[in-house]
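Structure, as structure tokens:
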Amino acid sequence: QFFVFCHGLLQLSQLLVSGYLKSSISTIERRYGLSSQTSGLLASFNEVGNTLLIVFISYFGSRVHRPRFIGCGAILVSLAGFLMSLPHFITGPYEYDQSVASMFSNTTDLCQPEVPGSRGNLSDAGCTPYAARENHEVLLVMFIAQALLGIGGVPIQPFGISYIDDFASERNSPLYLGILFSVTVIGPGVAFMLGSAMLRFYVDIDKVAGDDVQLTNKDPRWVGAWWLGFLVAASLVAISAVPYFFFPRQMPKEVGERDFPVVLLRNLRHPVFLLVVLAQVNLSAMVAGLATFMGKFLERQFSLTASLANMIIGAVNIPGAMVGIVVGGAILKRFQMSLRQCSAMCVLGMFLCLLVAFPLLFLGCPTQKVAGVTYSERYRQLQLSWEQGGHSQGCGYPSSPAALLRCNCPEKAYNPICGSNNIEYISPCSAGCRVVNIDADNSVLNYTNCSCISENGFAGFAKPGTCGTGCSHLFLPFVVLSCLAGILASVSHTPSFMLILRSIQPEDKSFAVGIQFMLLRVLAWMPGPVLYGSAIDTTCILWEKKCDRKAACRYYDNNLFRQR
């Protein structure tokens, strides 16, 4: 029972490290200009190191001191967590476009027609060989850290599950595994809650004074302190690793030596084992993609801050999955189910999950009206009417000739504002705004004299920040249905594991669990986030450009994002 407690704590801490990356993925994309495909590859890269070793390590599970191997793996996981935070300390401060000159910017992005051509390429000012090399170094460090995270995680779950099942009674084993899996699910939940807390702090909290930061966490340019959570999570893993070096080996003697290929083929040819693992692959691929990008999805669909999106996932969706796992384990213990009944329970849970999840295809918001991006035709007519009326400021998307020549807009400026006409503009300059009004705290109140925002024939005004998608009434039904679907799907978790553990030969237990996790990594956890990220990238309608390459996506087609 003490081992179950320690292992639950370790798996919670380990998944806190990997889960925290998923909670801060949209922030890291924004900070370092990554596409969803790249961030998806980063999120799944820990499976590479894991996959290369898990089958071989699991094969020797009956021959080694399993608790000490688990402890050594945990130390590697802790090192990986500290490495993940390193890019923050080797890169310069975060820079963003803004309307008031400060330490982050010596220019503004207001409409300034008096100096033609002087600002068009300002966004490329930071595109130096050093800046490009710095970005490559960041990715290299993160990918190495993810590989170490995968290698360190190799012995933790297979050895832990087999160790518990070896020394627990057949009656109590489902309950212990159910408790273990439910505690394990808390890990990503705590990770998202940790992300919610840390992303409220500004990314350079250790480099700049709070008074010098003009952004709030509701601003689309906001980047939170993504690196802080990795320091916390890595420290917890290091502490959780200590007890494992004091557990005894307590292994029963092997009946005889086994041959690796024979045991491998025996398990892969076992129909129950293979079918259950393939079923888990399908479910895990979906979970891997959703866990990585659900926060980003909620941010874009319902105009939430990254902090609030993480709080919802951590406080509602993941605890719901935990409830499902505990209920599944409790039902198994209460009714002492046969393997056939376990299989029926899994099928029923999946079927009900599909029914509940189907409406989610339709619960979401369309993309907000963004001038020159999603709202072109009328915007173009407005621009022409202003030009014909003798106005010379020019309107539109920053790279349009009118905006560049008349307002002298930085070509790649990004500082979204919401016009009094409820249309969003990607910068004050693109809306033709020439005046910014500041409050006592040096924060932007609004922009006025905006020639592209017409109100009764006069220039309108705009407020800083995005207009939002405007369908918050659908958010609660979406959260309720997604949570319920997660509960129903998770009920099958413990029964599916018992199908594997009870259908194979007892001496193959560690090895079979190793094969199971290897197949899950190769077929689900590794490709899942990459496929999701690639699908999400296909819905982007405006990319940020850095050094003439695609960086992070500014705007998505929300309907396509939701459906794909």
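Cβ coordinates are placed from backbone N, Cα and C, and glycine is handled just like the others.
Any TrEMBL annotation is an automated prediction that lacks curation.
Mean pLDDT of the predicted structure over the domain 'Kazal-like' (401-451): 78. According to TrEMBL, the domain 'Kazal-like' annotation covers 401-451.
TrEMBL lists 41-62 (among others) with the feature transmembrane segment. Same-chain residues lying 6+ beyond the ends of the transmembrane segment (41-62) with a Cβ under 8 Å from its Cβ atoms: 18, 21-22, 25, 34, 69, 80, 139, 142-143, 146-151, 153-155, 158-159, 162, 251, 254, 260, 263-264, 288, 292, 507, 510-511, 513-515, 517-518, 521-522, 525-530, 533.
The transmembrane segment feature in TrEMBL is assigned to 69-90 (among others).
Residues or ranges marked as transmembrane segment by TrEMBL: 138-163 (among others).
The transmembrane segment annotation in TrEMBL covers 175-203 (among others). Long-range contacts of the transmembrane segment (175-203) within its own chain (CB-CB distance under 8 A, at least 6 residues past either end) are made by residues 1, 4, 7-9, 11-20, 22-24, 27, 31, 88, 94, 160-161, 164-165, 168, 210, 213, 215, 217, 222-229, 232-233, 291, 295, 305-311, 313-315, 317-319, 321-323, 325-326, 328-330, 332-333, 490, 493-494, 497-498.
Residues or ranges marked as transmembrane segment in TrEMBL: 223-247 (among others).
Here the transmembrane segment (268-291) has long-range neighbours at 19, 22, 40, 44, 188, 339, 346, 350, 489, 492, 496, 499-500, 503-504, 512, 515-516, 519-520, 523-525, 527-529, 531-532, meaning same-chain residues at least 6 beyond its ends whose C-beta is under 8 angstroms from one of its own. The transmembrane segment annotation in TrEMBL covers 268-291 (among others).
Counting residues 6+ beyond its ends, the transmembrane segment (311-332) has Cβ neighbours under 8 Å at 23, 174-175, 177-179, 181-182, 185-186, 188-196, 294-295, 298, 304, 342, 345, 349, 479, 482-484, 486-495, 498 in the same chain. Among the features that TrEMBL reports, transmembrane segment is placed at 311-332 (among others).
According to TrEMBL, the feature transmembrane segment maps to 344-364 (among others). Panel annotation: around the transmembrane segment (344-364), residues 279, 283, 301-302, 324, 328, 331, 337, 471, 474, 477-478, 481-482, 484-486, 488-492, 495-496, 499, 558-559, 562-563 of the same chain, lying at least six beyond its termini, place a Cβ under 8 Å from a Cβ of the stretch.
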Item to check | Tertiary contacts of the transmembrane segment (223-247), as residues 6+ beyond its ends and Cβ separation under 8 Å | outcome: 3, 6, 9-10, 12-14, 16-17, 20, 23-24, 27-28, 30-31, 67-68, 70-71, 74-75, 77-82, 84-85, 87-89, 94, 191, 194-195, 198-203, 205, 217, 306-307
Checklist entry - Same chain, outside the transmembrane segment (69-90) by at least 6, Cβ under 8 Å from its Cβ: which residues? => result 7, 10, 13-14, 17, 21, 32, 46, 57, 134, 137-138, 141-142, 144-146, 148-149, 151-156, 159-160, 203, 226-228, 230-231, 233-235, 237-238, 240-245
